[in-house]
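Colleague: The ATP binding site annotation in TrEMBL covers Gly22, Ser23, Met24, Phe25, Ser26, Gly27, Lys28, Thr29, Asp94, Glu95, Ala96, Gln97. According to TrEMBL, the active site, proton acceptor annotation covers Glu95. The feature Zn(2+) binding site is assigned by TrEMBL to Cys151, Cys154, Cys183, Cys186. The substrate binding site annotation in TrEMBL covers Val171, Leu172, Leu173, Gly174, Tyr179.
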Amino acid sequence: MLFSEQNYRRGEYCGSIEVICGSMFSGKTEELLRRLRRAQIAKLNVEIFKPKTDTRYDETAVVSHDLNSVESTPVETSTAILLLKPDTQVVGIDEAQFFDDNLPEVCNQLAKKGIRVIIAGLDMDYMGKPFGPVPALMAIAELVTKVNAVCMRCGSPAVYSYRTVANANRVLLGEKDSYEPRCRHCYHLGDIE
Ligand code: ZN
């Protein structure tokens, strides 16, 4: 797998964009935190942002399901990410699907300034439709990592977040109990037992 960590040993003008995407329970945030921790070990200045709408667990920490967390800044809009500390070298962005459509432009600006940008987000909503700015981010990234969950019905790699409760809203808060990861085949089986 390609990583751009070595880019920082060559100078400050080689920023990059990495996207970590997949369904719910696929380990996106864990992978984001793993890369950010490596950057911290390398003594790089790391800042983490998440959308203010993501209030499931904690206001100021990116918290993954295994409870590894790193302090983060909740922001209302993607443009607010540009107000980061001037010495920031690595930017992590979690729950990217909830950001506005300007996020790709913001990430391009950060990368142009030499910053390594690492983004985690859902690539599809529960309907299987591309979610928010994530598809555009995948298009402009140097590196896209699609992580799979495990299908709760058959054990195959799962790319879909199947909603197990009846609700047509795109976003459900307290959502963890309302979804299960499924493979393509089992996703299309629907609720039929
Ligand atoms: Zn399956």
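Every residue gets a Cβ built from N, Cα and C, even glycine.
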Colleague: With the cut-off set at 10 Å between Cβ atoms, which of these binding-site residues ends up with the most neighbours? Options: Ala96, Val171.
Modeller: Ala96
Colleague: Taking Cα-Cα distance, which of the binding-site residues Cys154, Val171, Tyr179, Cys183, Cys186 are within 10 Å of Met24 (ATP binding site)?
Modeller: Tyr179
Colleague: Would you mind checking how many other C-beta atoms are within 10 angstroms of the C-beta on Cys151 (Zn(2+) binding site)?
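Modeller: Result for Cys151 (Zn(2+) binding site): 22 neighbouring Cβ atoms inside 10 Å.
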Colleague: Does Cys186 (Zn(2+) binding site) have same-chain partners at least 6 apart in sequence with Cβ under 8 Å from its own Cβ, and which are they?
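Modeller: Residues satisfying the criterion: Cys151, Met152, Arg153, Cys154, Ser156, Ala158, Tyr162.
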Colleague: Can you see whether DSSP assigns Val171 (substrate binding site) to helix, strand or coil?
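Modeller: Assignment for Val171 (substrate binding site) reads coil.
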Colleague: For the ATP site as recorded (Gly22, Ser23, Met24, Phe25, Ser26, Gly27, Lys28, Thr29, Asp94, Glu95, Ala96, Gln97), determine the largest distance between any two Cα atoms, in Å, rounded to the nearest integer.
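Modeller: Largest pairwise Cα separation, rounded: 15 Å.
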Colleague: Can you list the residues of the same chain, besides Cys151, Cys154, Cys183, Cys186, whose Cβ falls within 8 Å of the Zn(2+) site's Cβ centroid?
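Modeller: Result: Met152, Arg153, Gly155, Ser156, Ala158, Arg182, Arg184, His185, Tyr187.
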Colleague: Looking only at C-alpha atoms, tell me how far Leu172 (substrate binding site) is from Ser26 (ATP binding site), rounded to the nearest Å.
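Modeller: It is 18 Å, counting Cα to Cα.
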Colleague: Can you tell me which of Lys28, Asp94, Glu95, Ala96, Cys151, Leu172, our recorded positions, come within under 6 Å of ligand 1 at the Cβ?
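Modeller: Result: Cys151.
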Colleague: Report, in whole Å, the straight Cα-to-Cα distance of Val171 (substrate binding site) from Glu95 (active site, proton acceptor).
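Modeller: Their Cα atoms are separated by 12 Å.
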Colleague: Pop the Cα-Cα gap between Val171 (substrate binding site) and Asp94 (ATP binding site) into the table, whole Å please.
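Modeller: Distance (Cα to Cα, whole Å): 16 Å.
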Colleague: 10 Å Cβ neighbour count around Asp94 (ATP binding site)?
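Modeller: Result for Asp94 (ATP binding site): 25 other Cβ atoms within 10 Å.
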Colleague: Using all protein chains in view, find how many other C-beta atoms are within 10 Å of the C-beta of Gly22 (ATP binding site).
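Modeller: Gly22 (ATP binding site) is surrounded by 24 other Cβ atoms within 10 Å.
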Colleague: Does DSSP put Cys151 (Zn(2+) binding site) in a helix, in a strand, or in coil?
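Modeller: For Cys151 (Zn(2+) binding site) - judged by DSSP and reduced to three states - the answer is coil.
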